[in-house]
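In TrEMBL this protein carries:
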type: COMPBIAS; residues: 79-90; note: compositional bias 'Polar residues'
type: REGION; residues: 79-101; note: region 'Disordered'
type: REPEAT; residues: 19-43; note: repeat 'ANK'
type: REPEAT; residues: 53-76; note: repeat 'ANK'
């Protein structure tokens, strides 16, 4: 379904919802690896696009403990693992808070 929607010329994969979350943020939050791969494979998706709370797709994948999605995101050179959300938290501090090893 995602590929069909993205195949249309008028579907914007960067269009945020009312909270500023992009489709990539949602896919990372829900742990949908296949969707994350599809979106990361496009040239028109910014993997660092934060929502209104300053949280990036990496922040959400880390918070929800979706390790494979974290790996997919970190495999890219354009991901900043030290990005701060509006509370001053990084993906690493979130992982530590959640007790992720």
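The backbone N, Cα and C atoms fix where each Cβ goes, and this holds for glycine too.
What you are looking at is a predicted structure, and each value in this text was computed from that prediction instead of being measured.
Helix first, then strand, then coil: DSSP counts for the compositional bias 'Polar residues' (79-90) stand at 0 helix, 0 strand, 12 coil. Taken as a whole, the repeat 'ANK' (53-76) shows an average pLDDT of 97 in this prediction.
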